[in-house]
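Right, one structure below, let's go through it.
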Amino acid sequence: MALDGCGLVCQYIIFFFNAIFSVLGFALLGLGLWLRFSESTKLLFAINDSGTFATGVILLIVLGTVMLLVVMVGEYGACSKKKCALQLFSVLLFILAVAEIAVGVLAYTNRKQVAVKVVEFYNSIYTMFTVRSDIGLGLTLLFIHEMLHCCGVTGITVLEAVQETCPAPKGFLENIAMPTCPGVISDFFINNAPIVMGVFIGIAALLIIALVCTIILLKQIKKDYTAASARYCAAY
């Protein structure tokens, strides 16, 4: 069943969307599974399996799994041009778009509570690294410290337990003390809450674009099927 120019463009947009979503899905699922089953974090789950860290890890696993399932349905529908698969894909895209907008708005309106939860998540990683010195947790702390330019929970360079993961000091005073990460993380999420909401709404916009393309592709497939049926009836 051949597609016209608009149908082909929509099909390739869906392929591109699925490629991006599959990479993100594998990354989130892989990170979540590593944090869940890593030897360095098992102790944290054994102590408190309902804390912020455990909840965040479970959300990573669930979100990554859902994204990969959506990609599978969309890829199958776009490749095989099956109407039922594309219809299911469009429903899933709509649900995800609404969820993204809702999460973005909730994150903005509850930015202080979100900041507290993220700080708790950081403190969990910090505590586990000081206990086990796991290289994976160390790299996670290094990434956070470099990105936010902060140093542990004390900020005092000489006394900080995770000094090796702290960024290079900027100026003489930072050789003595740097900003503490819990304070920097809290300020970051509170002050940048509009940007965070914008990111979620931007992702929702991409989902809506994929949804529109899916609807156009469905109409094109229906049109081609109707034309083929008419030709068959005329011939026989």
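Cβ coordinates are placed from backbone N, Cα and C, and glycine is handled just like the others.
Whatever TrEMBL says is automated annotation, not expert-curated.
Here is what TrEMBL records for this protein:
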- C151-C166: disulfide bond (DISULFID)
- 12-33: transmembrane segment (TRANSMEM)
- 53-73: transmembrane segment (TRANSMEM)
- 85-108: transmembrane segment (TRANSMEM)
- 195-218: transmembrane segment (TRANSMEM)
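Ranked by Cβ neighbours within 10 A across all protein chains shown, the disulfide-bonded residues C151, C166 are led by C151. Listed by sequence, the residues of this chain that lie at least six past the ends of the transmembrane segment (85-108) yet keep a Cβ under 8 A from its Cβ atoms are 66, 69-70, 73-74, 76-78, 114, 193-194, 196-201, 203-204, 207-208, 210-211, 214-215, 217-218, 221.
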